[in-house]
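The feature disulfide bond is assigned by Swiss-Prot to 3-21, 14-42, 27-31, 46-57, 58-63, with similarity to another entry given as support.
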């Protein structure tokens, strides 16, 4: 499986056994100015998250795209 990874401009091959791509989003103290923090990666199962954290999981190559807004 290949998934998009945080801080990478190319998709990466996931480690053996990690066949799920995910996009995790959440807010920090700067959310109103910078927008949500986004984490992209691979996992063996869809990660469990706390309240206030968004998660989207998928199981095809490079399916965890995230469109960032234009800088203000």
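The backbone N, Cα and C atoms fix where each Cβ goes, and this holds for glycine too.
Note that the structure is a prediction, hence the values are computed from the model and not measured.
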Message: By a 10 A CB contact count over all chains shown, which of the disulfide-bonded residues listed here is most packed: 3, 14, 31, 46, 57?
response: 3
Message: Rank aside, I only need the closest one: which of the disulfide-bonded residues 3, 27, 46, 57 has its C-alpha nearest to that of residue 14 (disulfide bond)?
response: 3
Spatially closest candidate among 31, 42, 46, the listed disulfide-bonded residues, to residue 3 (disulfide bond) (Cα to Cα): 42
- prompt: Just checking: which of 27, 58, 63 have a Cα that is within 10 Å of the Cα of residue 21 (disulfide bond), counting only these disulfide-bonded residues?
  reply: 58, 63
- request: Based on Cβ atoms within 10 Å, give me the single least packed residue among the disulfide-bonded residues 21, 42, 58, 63.
  value: 58
- request: Could you round the CA separation between residue 27 (disulfide bond) and residue 57 (disulfide bond) to a whole angstrom and send it over?
  value: 19
- prompt: Around residue 27 (disulfide bond), how many other C-beta atoms are within 10 angstroms of its C-beta?
  reply: 14
Query: Cα of residue 31 (disulfide bond) to Cα of residue 58 (disulfide bond): how many Å, rounded?
result: 25
Task: Could you measure between residue 58 (disulfide bond) and residue 46 (disulfide bond) for me? Cα positions, answer in whole angstrom.
output: 8
Distance [Cα-Cα, Å, rounded] between residue 57 (disulfide bond) and residue 63 (disulfide bond): 9
Field: DSSP state at residue 31 (disulfide bond), helix/strand/coil
entry: helix
Query: What is the separation, in Å, between the Cα atoms of residue 46 (disulfide bond) and residue 63 (disulfide bond)?
result: 14
